[in-house]
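Shown next, in structure tokens, is the structure this report addresses.
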Amino acid sequence: MIRFANFFIFSLDNNSSNVINNFVFYSFYRISMGHVEVHIVYLGEKQHDDPKFVTESHHRMLWSLLGSKEEAYDSMVHSFRHGFSGFAAKLTESQAKKIANLPEVVHVIPDRFYKPATTRTWDYLGLSASNPKNLLNETNMGEDMIIGIIDTGVWPESEVFNDNGIGQVPSHWKGGCESGEAFNSSHCNKKLIGAKYFINSFLAENESFNSSASLDFISPRGYNGHGTHVATIAGGSYVPNTSYKGLAGGTVRGGAPRARIAVYKTCWYLDDEDITTCSSADILKAMDEAIHDGVDVLSLSLGYEPLYPETDVRDGIATGAFHAVLKGITVVCAAGNSGPAAQTVTNLAPWIITVAATTLDRSFATLMTLGNNKVIMGQAIYTGPELGFTSLVYPENPGNSNESFSGTCERLIINSNRTMAGKVVLCFTESPYSTSASRAVSYVKRAGGLGVIIAGQPGNVLRPCLDDFPCVSVDYELGTNILFYIRSNGSPVVKIQPSRTLIGQPVGTKVASFSSRGPNPISAAILKPDIAAPGVSILAATTTNTTFNDRGFIFLSGTSMATPTISGIVALLKALNRDWSPAAIRSAIVTTAWRTDPLGEQIFAEGSPRKLADPFDYGGGLVNPEKATKPGLVYDLGLEDYVLYMCSVGYNETSISQLVGKVTVCSNPKPSVLDFNLPSITIPNLKDEVTLTRTLTNVGPLNSVYKVTVEPPLGVQVTVTPETLVFNSTTKRVSYKVRVSTKHKINT
């Protein structure tokens, strides 16, 4: 399944002969004992430039397998014909095995499903429109760039899609707007220039889906506001005087507010399960179309379980991304929301920019006054009236009762109504997710309670509670202080004030507790995540039928929100440097990132315990848009580099050849993965001395001289040769070697 990157993951097959095959997909139905499933048939690089010819070749392949032209057309779900070659079709298991044995087929796999994983962000990152000489204004706010959003669709009436003052649609755009339920071409404009939907594989796998009764729209219009939210962050137009019921007030806009938005809806709401899900075959088809349409950036706040090797065809995003990157399209994906545990990061392919989430220098302070006049500052998005002094309770057995009691947030339901009625309830949770708060609120409201104080891990995700019910988060220490007050007082009471927005110091920047962490669980020598960006309590547009919204705007948290922040910045960088490759853009972002917050304060990583953030939490660090415009040097990558990478990790030569569209022979001995030209160096299990190579390309002043400085990890020796790199009109690229050794007996 694929889910939204407000929470998702991947996994891989270690069989090196199969790993490469996630570059081209076909979707088929797998049938076992009469059972049919959609499968993805991946054929690699397309062999013909005419899309009609490519699709007809797919039909002929199915025709030869199924025996008739009619059955071939009925079986076909999608034809991938622009960025790469492949198709999705409904097949039995035996049929899938037969077609997999054809020499032109790279891989056949069953379809998989994914789930969908502001006002302050841009000022915080130094991209204020008030500075006439910054990246934003030097690129005319990204006006000629097109950002493709693959997600849950769009709410076109949102103010963030206004095209006031925006020029004509860029000449390289070949896409359009597709009509459907409650959506037609009139909903598009010079801002929202593309809108398509992809549902065939979803329908093939969900035969009970009732499109006429579903709350979702069979069109680019999104019932779930996730897609509109991420589109706002990446490239939404200016919308002044926006807030959530008075909190976080200001102007909402995207990172590239004049960039054009093209929406590809691949994720659909299942009413009976109350989830949103996305087929990998539908996503691949959307990526194929986006490549054809002419997008400059692809933003995917999606992920899935389990993990596959980054070149396994079952990882549809990595496969589509490979072909997009080779055509100059930067692909930005979410790291996932399974933190703070190690090795939970997803979207691991080395050609993808993988994004972690941090907090902003903003908090929503909610003051609580105890009966002993002690003031506790919690966090909440509470905009209701002040709750005057009210009885405060922690449900526990006083020692003389036969009733059941629980002060655990998820188990408040076992308490009697009279325990909680008319009171504010304190509870404790170990869960970092907002579901524990939602359950606690529902139990207390049902019992007639008046508020909840939730004590848990620092960094818990905030969201407003239904009906503006007071639900305030505190950490364990503050929760324990409140508990001691309750136990020491015969009639404990508390007063809760509405939340207030605090900006700047002393509010520190932290890697969010939910943000998935490295090291890379599949290829440990490839650092993931690549970069971090704000993704906590981000205010952006949504559908107007969402429960928690004000004027069509809502707070959401997740690496889903951090991802389009990077996508917007990528659009600006590409507008400024049209000749930079996706790898060069990634290098510029990673090597110039802040390793402190913008004010020079340390960045911590939320968790138990909290610690200083490191590259496995945030990659290169917190994105610094202005510095990324002038990196001086970049670590670039092209097709040959990706081929060397695939050879170095043992992928099958035949599969590599089909993937890239030409015969490939890996060297013997195979190249070292440590030489892959990333803007980072990660050495797993350092034991013996290791020597590796990096190559730098000058994008700064023509005549430049750079001297090395080394700050080695404790107990590690690092030597760089040469120590000086000289660039001039004839020398644009220079390589250097790094020799690394250690005195440690035991290493990780």
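Start at 1 and count along the chain as shown; that gives each residue its number.
Just so it is clear, glycine is given a Cβ too, placed from its N, Cα and C backbone atoms.
A TrEMBL annotation is a machine prediction, not a hand-curated record.
Quick look at what TrEMBL lists:
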type	residues	note
DOMAIN	38-115	domain 'Inhibitor I9'
DOMAIN	142-597	domain 'Peptidase S8/S53'
ACT_SITE	Asp151	active site, charge relay system
ACT_SITE	His226	active site, charge relay system
ACT_SITE	Ser560	active site, charge relay system
DOMAIN	675-745	domain 'Subtilisin-like protease fibronectin type-III'
Distance from Asp151 (active site, charge relay system) back to His226 (active site, charge relay system), taken between C-alpha atoms, in Å: 7
Active-site residues compared (Asp151, His226, Ser560) - the one with the fewest other Cβ atoms within 10 Å: His226
Structural state census, the domain 'Inhibitor I9' (38-115) (DSSP three-state): 31 helix, 26 strand, 21 coil
Spatial separation of Ser560 (active site, charge relay system) from Asp151 (active site, charge relay system) - C-alpha basis, Å: 10
DSSP residue counts for the domain 'Subtilisin-like protease fibronectin type-III' (675-745), split into helix, strand and coil: 1 helix, 33 strand, 37 coil
